[in-house]
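Over in Swiss-Prot, the protein carries these features:
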ACT_SITE  H45  active site, proton acceptor
ACT_SITE  E72  active site, proton acceptor
ACT_SITE  H193  active site, proton donor
BINDING   N9, R20, G194, G215, H216  3-amino-2-oxopropyl phosphate binding site
BINDING   D11, H12, R47, H52, T102  1-deoxy-D-xylulose 5-phosphate binding site
SITE      E153  site 'Transition state stabilizer'
Amino acid sequence: MAELLLGVNIDHIATLRNARGTPYPDPVQAAFVAEQAGADGITVHLREDRRHITDRDVRILRETLQTRMNLEMAVTEEMLNIACEVKPHFCCLVPEKRQEVTTEGGLDVAGQQEKIDNAVARLSQANILVSLFIDADKRQIDAAVASGAAYIEIHTGAYADAPDDETRQHEFERIRDAATYAAAKGLKVNAGHGLTYHNVLPIAALPEMHELNIGHAIIGRAVISGLKDAVAEMKSLMREARR
């Protein structure tokens with residue numbers, strides 16, 4: 001079985017930075033650390049409201065990443081222009097609502113086929129690989145195939161947020177069946193949204209999966225796992241100042 005790739009989403013490094021309007025923590029530095037730790041790619045979502053990642057972040061990351069850049073974006077003229085200028089390795093087209101905390105569902109490709117087809121064609125002409133963030137639904141997979149996109153990313157939110165084991169198993173089976181169906185149609189299959197250290201194993205075990213994009217859980221774990229060293233370093237500096 002081929003190696004499963006990990007795309008690390010660093011949006012919430014920028015969320016923490018922007019909460020205080022400081023230049024730190026720096027998403028570019030975080031991307032470097034993630035790459036050194038084994039990340040196969042870095043994912044960022046340039047939202048229309050710029051609530052975390054900024055245009056400047058995107059441009060610097062494109063110049064400095066040693067792996068691959070996956071730019072998540074809404075299907076708007078502004079974002080298409082930015083993508084065609086910056087030329088990330090991948091663009092993942094996602095739905096976007098300004099009032100949402102995070103992306104709440106998959107892109108309705110079938111319901112806006114012409115718009116998605118045109119976006120995929122435009123990005124492809126700029127030599128950017130395109131992925132469509134969709135729910136585990138055969139109708140959406142068929143629409144993704146028709147669009148000309150090479151990749152889909154299956155939205156795993158319903159699986160991750162399932163209130164009980166029975167519901168989670170049902171959602172897992174939907175993802176499994178969708179992955180099998182999509183792979184048979186010639187699509188490369190990624191997945192992401194809500195994946196954590198506690199629920200990732202069944203998804204990672206699916207042979208059709210090419211890459212998982214995970215962010216919030218990794219950044220949350222990093223805050224806790226790195227807290228001991230961070231506190232100790234600050235205390236050491238304070239002691240040094242009094243010597």
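Cβ coordinates come from backbone N, Cα and C, glycine included.
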N9 (3-amino-2-oxopropyl phosphate binding site) and the residue listed as 'active site, proton donor', distance between Cα atoms, whole Å: 10
Farthest-apart CA atoms of N9, R20, G194, G215, H216, residues recorded for 3-amino-2-oxopropyl phosphate, distance in Å: 25
Among H45, R47, H216 [recorded positions], residue with fewest other Cβ within 10 Å: H216
Assigned element (helix, strand, coil) containing H193 (active site, proton donor), judged by DSSP: coil
Residue among the recorded positions H12, R20, H52, H193 whose Cβ has the most other Cβ atoms within 10 Å: H193
Recorded positions: D11, E72, E153 - member with fewest neighbouring CB atoms within 10 Å: D11
